[in-house]
Amino acid sequence: MLNNILQFLKERELYSQANFETELDNHLKEKKNNFYVGFDPTANSLHIGNYVLIHIAKLLKDMGHTPHIVLGSATALIGDPTGRIELRKILEEKEIVKNTKTIKKQIKQFLGDVIIHENKVWLEKLNYIEVIRELGAFFSVNKMLSTDAFSARWEKGLTLMELNYMILQAYDFYYLHKNHNVTLQIGGSDQWANILAGANLIKRKNNASVFGLTANLLVKANGEKMGKTSSGALWLDENKTSVFDFYQYWINLDDQSLKKTFLMLTMLDKKVIDELCNLKGPKIKQTKQMLAFLITELIHGTKKAKEAQQRSELIFSNQPDLDIKLVKTSTNLIDYLVETKFIKSKSEARRLISQKGLTINNKHVLDLNQIIEWKEELQIIRKGKKSFLTIKTVNS
């Protein structure tokens, strides 16, 4: 069991900042506490960036602290403007209800039997006059506008609706502290201003000191957010990002980002990580395979991780060096294969498909009218056991 969680988070490059760091360190060592992590259900799945916070919540839970997970079923109706240039898409309430239901299942999958709240339970009880009178007096608009949470939107035209987001999230912390003795909020580093707003509200209304802790965002070595794919994000739901595509994302990760990803997302010993990340040339493939397997296992379980690993090796190992062909999306598959002389005739192509003798990335082609779909990764078209064609799709 960990004895010094803050030190561990720093060693694993998870720690960004905390208010009253020394006091928080003692607070977590001296007794078991209630803490909370929040997620707005703006999609029907969590993504890999969210998993960083789940990972930290699990570490604290294993130390004996009690997690309270807050799903923003009310705040999702407004949308967090933090770091955004454009106004968020306004979601229908029925969509948020559906998203909340699926995310609850994911939370339980990763954290087990934990306390899950929906903030509409308390936020819907507030009336507007009460918000302005009882909460608004504790917020300086000048200070709010100076934070990173609003600066990007300010240039484009910040709405009153968005301005209220910080107040409502601060009230979440206030409510949980008052009713559940929650003394710590954990969020991504982009949530620092919102977390401090909640801590300050509690201090001014209740004269109590609470803590905020932020985690580093999961980014590549070049600063780009990790997890961007052709589907928009690296989703934890296999129906949105297949287990194979999830596995392959880590296989294709740039070499410079490997060590940080190992540290942030796995519990592998640091010495082992150093050894793996010091491998050079073709041997670095072993490092990527280890990373891909460990993270896929965390999210999807050992069985599916092994299946993805085996499929990846089957598709990509021992292949001859082939030219990568650029293909426009929406191209008819049979027409393309005949044009490139990969298959002699359309009749042969139809026969291969009917006999399940043609695959794309190890998936049988079953539709005689199949078109070539856009994929971020390379696609390996296999005819029989030994004939391959490697393609990369480009938008028409």
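For all residues, glycine too, the Cβ spot is worked out from N, Cα and C.
Residues or ranges marked as L-tyrosine binding site by Swiss-Prot: Tyr36, Tyr165, Gln169. Per Swiss-Prot, motif ''HIGH' region' is recorded for 41-50. Taken from Swiss-Prot, the feature motif ''KMSKS' region' covers 225-229. Per Swiss-Prot, ATP binding site is recorded for Lys228. Per Swiss-Prot, the feature domain 'S4 RNA-binding' maps to 331-394.
The helix, strand and coil residue counts that DSSP assigns across the domain 'S4 RNA-binding' (331-394) are 16 helix, 22 strand, 26 coil. A mean pLDDT of 69 is what the model gives for the motif ''KMSKS' region' (225-229). For the binding site of L-tyrosine, formed by Tyr36, Tyr165, Gln169 according to the record, the largest Cα to Cα distance is 18 Å, rounded to a whole number.
Sorting the binding-site residues Tyr36, Tyr165, Gln169 by the number of other Cβ atoms within 10 Å puts Gln169 first.
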